[in-house]
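Chemist: This is the structure, below, for whatever I ask next.
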Amino acid sequence: MSPRSARLARLSRSVTFSACHRLHSKSLSEEENLKLFGKCNNPNGHGHNYKVVVTVRGEIDPVSGMVMNLTDLKEYMQAAIMEPLDHKNLDKDVPYFSEVVSTTENVAVFIWDNLQKLLPQGILHKVEVQETEQNVVVYKGEETIVK
């Protein structure tokens with residue numbers, strides 16, 4: 001009997017967190033910020049119920065039948081997403097966003113970086129952040145595009 005070849009699979013888990021922010025760049029004037037970000041530049045901020053889907057990729061373990069234990073993934077997501085972001089003012093409560101505009105793109109990068117520190121190396125496949133039903137960002141760890 002020949003051994004079965006390894007099978008790769010992707011496993012996803014989602015969480016939802018609530019947070020507020022103000023889209024505002026320190027590199028722009030008040031007028032430029034208002035023009036660029038519109039109502040999202042409101043000095044009092046605004047809030048979202050963000051949905052985050054984290055996908056890991058790996059071999060299906062022949063003994064457990066899993067890519068990763070969902071209980072472990074849940075704990076990693078709690079530490080990397082829920083604890084630092086849920087019910088927070090992103091710009092005031094999360095040090096990362098004191099220098100980085102709290103766009104959904106940058107929220108996805110923040111989550112990716114936090115998960116990378118916790119997950120087994122090479123298993124994180126993508127982070128999807130849904131700010132609204134119409135606005136979704138997918139980040140797969142790419143840093144720059146060579147021009």
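Glycine is treated like the rest: Cβ placed from N, Cα and C.
Features from TrEMBL:
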ACT_SITE  CYS40  active site, proton acceptor
ACT_SITE  HIS87  active site, charge relay system
ACT_SITE  GLU131  active site, charge relay system
BINDING   HIS21, HIS46, HIS48  Zn(2+) binding site
Chemist: Of the recorded positions listed here (HIS21, CYS40, HIS46, HIS48, HIS87), which is spatially closest to GLU131 (active site, charge relay system) when Cα positions are compared?
Modeler: HIS48
Chemist: Near the Zn(2+) site, what residues other than HIS21, HIS46, HIS48 in the same chain have a C-beta no further than 8 Å from the centroid of the listed C-beta atoms?
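Modeler: These residues sit around the Zn(2+) site: ALA19, CYS20, ARG22, CYS40, GLY45, GLY47, LEU90, SER102, GLU131.
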Chemist: Among the binding-site residues listed here (HIS21, HIS46, HIS48), identify the one with the smallest other-Cβ count within 10 Å.
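Modeler: Each of the binding-site residues HIS21, HIS46, HIS48 was scored; lowest Cβ tally within 10 Å is HIS46.
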Chemist: Which residues, sitting 6 or more apart from CYS40 (active site, proton acceptor) on the same chain, put a CB under 8 Å from its CB?
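Modeler: Spatial neighbours, sequence-distant, of CYS40 (active site, proton acceptor): ARG22, LEU23, HIS46.
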Chemist: Quick one: pull the CA-CA distance for HIS87 (active site, charge relay system) versus HIS21 (Zn(2+) binding site), whole Å only.
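Modeler: Cα of HIS87 (active site, charge relay system) to Cα of HIS21 (Zn(2+) binding site) measures 11 Å after rounding.
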Chemist: Including all protein chains displayed, how many Cβ atoms other than that of GLU131 (active site, charge relay system) lie within 10 Å of its Cβ?
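Modeler: Result for GLU131 (active site, charge relay system): 18 neighbouring Cβ atoms inside 10 Å.
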Chemist: So if I draw a 10 Å sphere around the Cβ of HIS87 (active site, charge relay system), how many other Cβ atoms end up inside it?
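Modeler: The Cβ of HIS87 (active site, charge relay system) has 11 Cβ neighbours within 10 Å.
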